[in-house]
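The next block holds one structure in the form of structure tokens; read it before the comments.
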């Protein structure tokens, strides 16, 4: 009887074949996912990131058809898909918490996906630095680069690029970089404070996990997409030296059986389609 009951007890416990092993004694940011709490939250974020992916890919395809090459929209599309996968994996982990490989994969996607936005901000900060200092090329970190560029140059020396005011570009980059830096710092700080799983700190709460991860990322992604960062931060192809950012780029765009040579540059006031129609009307007149 005793051996039979022992066999039944062993059968009820999760089978662990070998390494890697899960750390179950220490509290982690967000804790272990629970279906009743995490599934609805993750479902909302999945819908938001899917909408972001569709929106950014639509912008990229539309710009590509017009000859307006802006690959960073495609990068945001890829980032949104990685966050959809991260949220989906968290739902799976909540239902099957003892699948070690799934848990590790979920943790990797939670941590690695944000690198794409870091890279985008580095590109933007480098462009702002080039605009304020056309003869200086440097890429370090978004916040120091942007602040240094603004404080160490006079407006008369700024080389404009893209559409919109330079101040708006600076504010956008500082705001998004500050949010991302806060999220990264919060995640790094919590990893240095070891608490038992039975007594987690306030910063291990699920609300903190979703705020410093997916909520911040949603704000940044939609801020860039809705502000049309593909126009604000656009630079002509082949820009490498002083004056390249503000030069006008010739872009052939077909219209019916004809093609019109239009320009893309920092001084554009009309959309490409408006300028195209305007040129056709002038020819007909």
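Any Cβ shown, glycine's included, is placed from N, Cα and C.
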Transmembrane segment range according to TrEMBL, out of 7-26, 187-206, 207-226: 207-226
TrEMBL feature transmembrane segment, matched against 41-61, 230-250, maps to 41-61
Correct range for transmembrane segment (source TrEMBL, candidates 136-155, 256-275): 136-155
In the same chain, residues at least 6 away from the ends of the transmembrane segment (70-92) whose Cβ sits under 8 Å of its Cβ atoms read 33, 35, 38-39, 42-43, 45-46, 49-50, 52-53, 56-57, 59-60, 63, 99, 102, 105-106, 109-110, 112-113, 116-117, 119-120, 123, 214, 217, 221, 224-225, 229-230, 233-234
Same-chain residues at least 6 beyond the ends of the transmembrane segment (170-186) with CB under 8 Å of its CB atoms are 114, 117-118, 121, 124-125, 128, 142-143, 146-147, 149-150, 203, 208, 212-213, 216-217, 219-220, 223-224, 227, 229, 232
